[in-house]
Every structure is written in structure tokens, then in C-alpha cells.
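To start, the structure itself, in C-alpha cells.
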Amino acid sequence: MTKNPPSFGSPASSGAAFPGTRMRRNRKADWARRLVAENTLSVNDLIWPLFLQEEPGRSPIASMPGVDRLGIGEAVKAAEEAAKLGIPVIALFPYTDGTSRNETGTLATDENNLVCRTVRAVKKAVPEVGILCDVALDPYTSHGHDGLLKDGIILNDETVEVLVRQALIQVDAGCDIIAPSDMMDGRIGAIRAALESAGHQDTQIMAYAAKYASAFYGPFRDAIGSTAALKGDKRTYQMDAANSDEALREVGLDIAEGADMVMVKPGMPYLDIVTKVKQAFAVPTFAYQVSGEYSMLAGACDQGWLDRERVILESLLGFKRAGGDGVLTYFAKEAAELLQR
Ligand code: PBG
């Protein structure tokens, strides 16, 4: 006769009173909960995106309460804070006003643009902090698209040529991680090949591999001055929110083309994608808790509807539980301070 399998969740056969399994034992005290915790959030998981402006000092971003645009001096100070807190990487995004934008986004490949000047200043002052730079034309184009636009169509291969040049000038300035966010086909391979032939074999690429056409980017477009500029939407190059098989194909291609790390974006509404990507590829996988996610949490906290410290840590821990290796988050500095307590 076969023995009965051990029963879970049913009264113990010894005749002990119901319930036989008491899940609450491991939750009975703080020390017990810490002992059995499956996931942890650490400062090493954080990437801190910063918005840059030409003017010295700082100016607030209306749709991102608590986040400012920073002049170069302030960006250097932020990098120093990141270093002190142990945040491994900062990410840089420039605000560009309408007068500095044009049809082809010329400023993207100008080695003295705001991003390159900031990279040089930060690397000189705080060499121990990693710098990530976005590759895409949207901060620089008059139409606000990530690529070159002709007769209402985003040109893929012509755009990739410009992105390669944009990546190279950022690396020449001292950028450590190139992060193409444009979603053109073949750009990771083209940038990797260009980096190799320019002797930059150690530059990392973090591909915005599964980047969805999302309403959650709204406040970011305010922050970089693209909202007024953007004509139409980005659905011919960013992914459809309905799809997840397609995300795995995108990630597979970017890894094959030479990405060292991949990203899923947005974050909280796409945690299923984070899990699937990590399980399928086992590569360093990051999520971007984007501007709209920041603003909805920060806005509710400002109203007194949510507890800011708790939602910051809970939302970020969720990325770890989903399988992510780290998170780009506008809460990075605050989270790092909370984790120090
Ligand atoms: C640019 C880019 C965007 C974000 C990061 N890089 C916006 C977009 O694709 O329109 C969004 C980040 C955020 O919302 O915080 N290609």
C-alpha cells in the first residue's frame, strides 16, 4: 500500500485542532519576517535618472512634484550625493527648448551638447559613479520623435546611422553605459560594431529592449520639452501593450546584437514581462519605473492618500520579486536614504 503524500494546508493527521498549517508562525515578529524574506532591495539595485537644463541652478517640473531639472553644477552635486549613498549609476536626460530643436535633431550629434558637457563634468568630479546616457533623437527633434521623420514615416536605417554617431560622442565624453531607447530595428548591432571599431570594447549597452508605447511617459515628455513638439504617437516603433511574446523576440535580438543588459519599460504595469524576460534569458534585466509611475505615486502621497516611504520601498521591492536585477527610478535618492536607516 502506498503511503499518503504529506498534506499541506489540511488538519494534521495527529488529530491536532484545525488549522494544521499555521502560516502566521513565520510572520510573528520582525526578526522572523526578516529571516524568511525571499527578496531584498538594496542601494545597488538603483539607477537614478536626472533631468538636465542649460541654465545654472534647478527648476521644478510641474507634472513630477519633487523632481527638478538640474544645471550642470547641480548635476555634479547630485552625482556626489549618489556616490555618498552608494547609488551605482545615474542616467542623464536633457531638456531642450523649441529653438534648439530641428527636423533632424542635429544637436544629438554635437559633442558639446548639454549631455556631453555634463558627462565630462560629472566624470571629472565623481569618477566612481557610473553614467548611463539615453540614445534617441526625441530631446532634439522639432517633431519630438525618436527617429528621422519623412512624409509621416520614421525612417529606420537612416535613423540608426545618426544614433550610432550620438552614441559615439557620448562615449567619447566619458559615458559608461549606452542605453538606446529609440526602438529602431538593428540599432544595438550597429552601435556595438561602431564601439568595437572605435576601440570602445568595454562600453556597456543596456538596451531598452522591451519598450512599450505608453501613456505613462507623459510627465517625462514635459520634463525634456517634448510634449508640445510631439506630433502623433510612437506606435510604429514602440511596442503594443497587448504583447508579451514580442517582448521576448525583441530581447533575444538585442542580446544577439551585443546588449550586455536589457530593460523593460514601463515598470509596474509590465512586471509580467520582467519575469518572463529573466526566466527566458537569464541576463541582467532592469525595469524602468517611468515618470508617470513616479507622478501617480508622488501625487497621491502629496494628497496624503498614500504613505510615501512605504510605497517607495514596496513598489521597488516588487521589481526584485518579479525577477529584476535593478530599477531606474526617480525615487532612487530617497530610496537609498530610506535603506540606510
Ligand atoms: C526617449 C525616452 C522616453 C523615456 C525614456 N527615454 C520617452 C519616450 O519614449 O517617449 C521615458 C521615461 C519616463 O517616462 O520616465 N526615447
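Placement of Cβ uses the backbone N, Cα and C atoms for every residue, glycine included.
Annotation comment: TrEMBL describes K211 (among others) as active site, schiff-base intermediate with substrate. K211 (active site, schiff-base intermediate with substrate) falls within a strand segment according to DSSP. Counted within 10 Å of its Cβ, the other Cβ atoms near K211 (active site, schiff-base intermediate with substrate) come to 27, all protein chains included.
According to DSSP, K265 (active site, schiff-base intermediate with substrate) is assigned to a strand segment. Among the features that TrEMBL reports, active site, schiff-base intermediate with substrate is placed at K265 (among others).
Annotation source TrEMBL lists Mg(2+) binding site at E250. Secondary structure from DSSP puts E250 (Mg(2+) binding site) in a helix. In the structure as shown, the Cβ atom of E250 (Mg(2+) binding site) sits within 10 Å of 22 other Cβ atoms.
TrEMBL lists 1-20 with the feature compositional bias 'Low complexity'.
Residues or ranges marked as region 'Disordered' in TrEMBL: 1-21.
On a Cα basis, K265 (active site, schiff-base intermediate with substrate) lies 5 Å away from K211 (active site, schiff-base intermediate with substrate). K265 (active site, schiff-base intermediate with substrate) sits 13 Å from E250 (Mg(2+) binding site), taking the CA atoms of both as reference points.
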